[in-house]
Amino acid sequence: MTENEQPKTKGRLFHRPLAFLCAALALQACGGGSGSSASKAPSGETPPGGVAWQWNLPAGFTPPPVPKDNPMSVAKVELGRALFHDVRLSGNATQSCASCHTQESAFTDNRSLSRGSTGEVHPRNAQPLANVAWNTTLTWANPNERTLEHQMLTPIFGTNPVELGVNEGNRASVLARFQSDAGYAQRFKAAFAGEADPVNWDNIVKAIAAFERSLVSADSRYDRSVAGKASLTAQETRGMKLFFGDQARCSQCHGSPNFNDQFSTAASLQADPSFHNTGLFNIGGTGAYPEPNRGVFEITGQAQDMGRFRAASLRNIELTAPYMHDGSIGTLEAVLDFYAAGGREVGNGLYAGDGRLNPYKDERISQIRLDATDKADLVAFLKTLTDTAFVTNPAFSAPASR
Ligand code: HEC
Ligand code: HEC
C-alpha cells in the first residue's frame, strides 16, 4: 500500500484517544506508514542464567508494557507455553487455557459462549489473544482489569463461572502435579533461577503471562501489503479505503495497529481507554442490555456505561466467529448488516427492543452508511487481516512432550 491510499484517515477521523496514539507512535494503521523494517528492542533485563528476550516486532509496534516484577525471558515463555496448553492446570484435569483459546482459531473457541471445566456456561464469548499485551484494559468491559497477571486469577480461581476450577480444596493438589513432575521442576528452575522453591502459583501465573505477551500477530496479507511485500485485490483495497474512511467509520474505533482503540506500549500508556455501546440491545426501550452482560455498567453501575464494551481487535477476525461479547452474531456478513442498520432490532422474546434507538448508543454507529457492495468489500478487507503464520507458528503450539 502506498502512502497515497490511506492519507485521508490521518488526524481527521480519529477522536481524542486515537489522535493521541497516532501522534505518539506513528502508527501504520493510522496512515503513518513507518516503513517495513522490523524493530528489535531488547527487554533490557536478562534473568540470572537466562537468555535475554528479544522483541521481534513489525512496523507500527513498539514493545508492550511489561510489569517490572515479571521481565520476559526465553525460559519463562517456554514454561508458560507448556502450562497454557496443560489440562493438569484445571481442578479436574480436563481443561487448559487452550481449551477456550485454541491457536488454530486465533486463540478463541468458536463457541458463542465458553464452557468451563465443570460444564458451566460462561456468559461471554472467548476473546482472541493475538497482541493481547498491548491492550490497555483486559476482557470485554472492565476498565479496572489492567494486567495479564491479574486477569489470569479469574480463569484459574474464578467461581462465577467456574473455568479451570482451582479452589481452596484442590489448590495444593493441582500444584503438586507440577511439583512432582521432573520436567516441570527443571523448567521452573530455569525460568526462575535463584529461587529456592520456584514451583508455586505466583510463578505459574507469571510464566503464562510471559507466554501471552509473546503472542504477536502482524504478518497478515494486510501487513505485508503495508510493507510492500504483497498487494491487495481491487475489492480488498476498496474495503480498506471504506474501513479507514468517513462513510464506514470503522477505524474510528478499530484504528490502532491492533485494529481496536485500546493500545498501550511500554513507552506510552493510554490514559483514558474508551468503551462503546453499539446498539445490540435496547430492552423495552430503556437502553438496557441483558444481565450480566451490561458492559462497563456491571462495574460502575452508572447509567451512561450501559452496553459499553471494548472495541474488539479485528486481527484474524475471519477465524474467530461467532462475534460480539455474547457471540450473538454468527458471521462477518451479519456483523456488516448490523452496522449498516445502525444497530440491531430484537423483535420478540425476553430482550425485545430496538437497539438502533438505544439512548446510550455511540452516535457514530448511526452515521455509518453502507450498501451491499460496500459491505462485501469490507468483509473482503477484514479477511486480509488473517495471519496464517500466527495460527500455525510452532512456538505458540502445545510442546510436543512435557
Ligand atoms: C472456559 C473457557 C476459558 C478458559 C478455560 C480460559 N479462558 Fe480466557 N477468556 C474466556 C472468556 C469467555 C473471556 C472473556 C471474559 C470476559 O469478558 O469476562 C476470556 C478472556 C481472556 C483474556 C482477556 C483478553 C483480552 O483481549 O482482553 C485473557 C488474557 C485470557 N482470557 C487468558 C486466559 C488464560 C491465560 C487462561 C488459562 C489460565 C484462560 N484465559 C482460560 C474463556 C476462557
Ligand atoms: C463507535 C465505535 C465502533 C465503530 C464505529 C465500529 N465498531 Fe466494531 N465494535 C465496536 C465494539 C464496542 C465492539 C464490541 C461490541 C460488543 O460486543 O458488544 C465491536 C465489535 C466488532 C466486531 C466483532 C468482533 C469480535 O471479535 O466479536 C467486528 C467484526 C467489528 N466490530 C467490525 C467493525 C466494522 C467493519 C466497522 C465499520 C463498519 C466497525 N466495527 C465500526 C465498536 C465500534
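Each Cβ is built from the backbone N, Cα and C atoms, and glycine gets one as well.
Unlike curated entries, TrEMBL annotations are predicted automatically.
On a predicted model such as this, the values are computed, not experimentally measured, just so you know.
Look at TrEMBL and you will find C97, C100, H101 tagged as heme c 1 binding site. If you draw a 10 Å sphere around the CB of C97 (heme c 1 binding site), it holds 25 other CB atoms from the protein chains shown.
The annotation heme c 2 binding site is assigned in TrEMBL to C250, C253, H254. Using a 10 Å Cβ-Cβ cutoff, H254 (heme c 2 binding site) registers 22 neighbours.
Taken together, the residues in the domain 'Cytochrome c' (75-212) have a mean pLDDT of 98 on the 0 to 100 scale. Residues or ranges marked as domain 'Cytochrome c' in TrEMBL: 75-212 (among others).
Per TrEMBL, domain 'Cytochrome c' is recorded for 234-386 (among others).
The region 'Disordered' annotation in TrEMBL covers 33-69.
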Cα proximity to H101 (heme c 1 binding site), best match among binding-site residues C250, C253, H254: H254
Where the C-beta lies under 6 angstroms from ligand 2, the matching binding-site residues among C97, C100, H101, C250, C253: C250, C253
Rounded Cα separation (Å) that holds between H254 (heme c 2 binding site) and C100 (heme c 1 binding site): 24
Rounded Cα-Cα span from C100 (heme c 1 binding site) to C253 (heme c 2 binding site), Å: 26
Beyond the site residues C97, C100, H101: chain residues whose C-beta lies within 8 Å of the centroid, for heme c 1: F84, S96, A98, S99, T102, F107, D109, A126, L129, P155
Close-lying binding-site residues around ligand 1 among C250, C253, H254, where CB distance stays under 6 Å: none
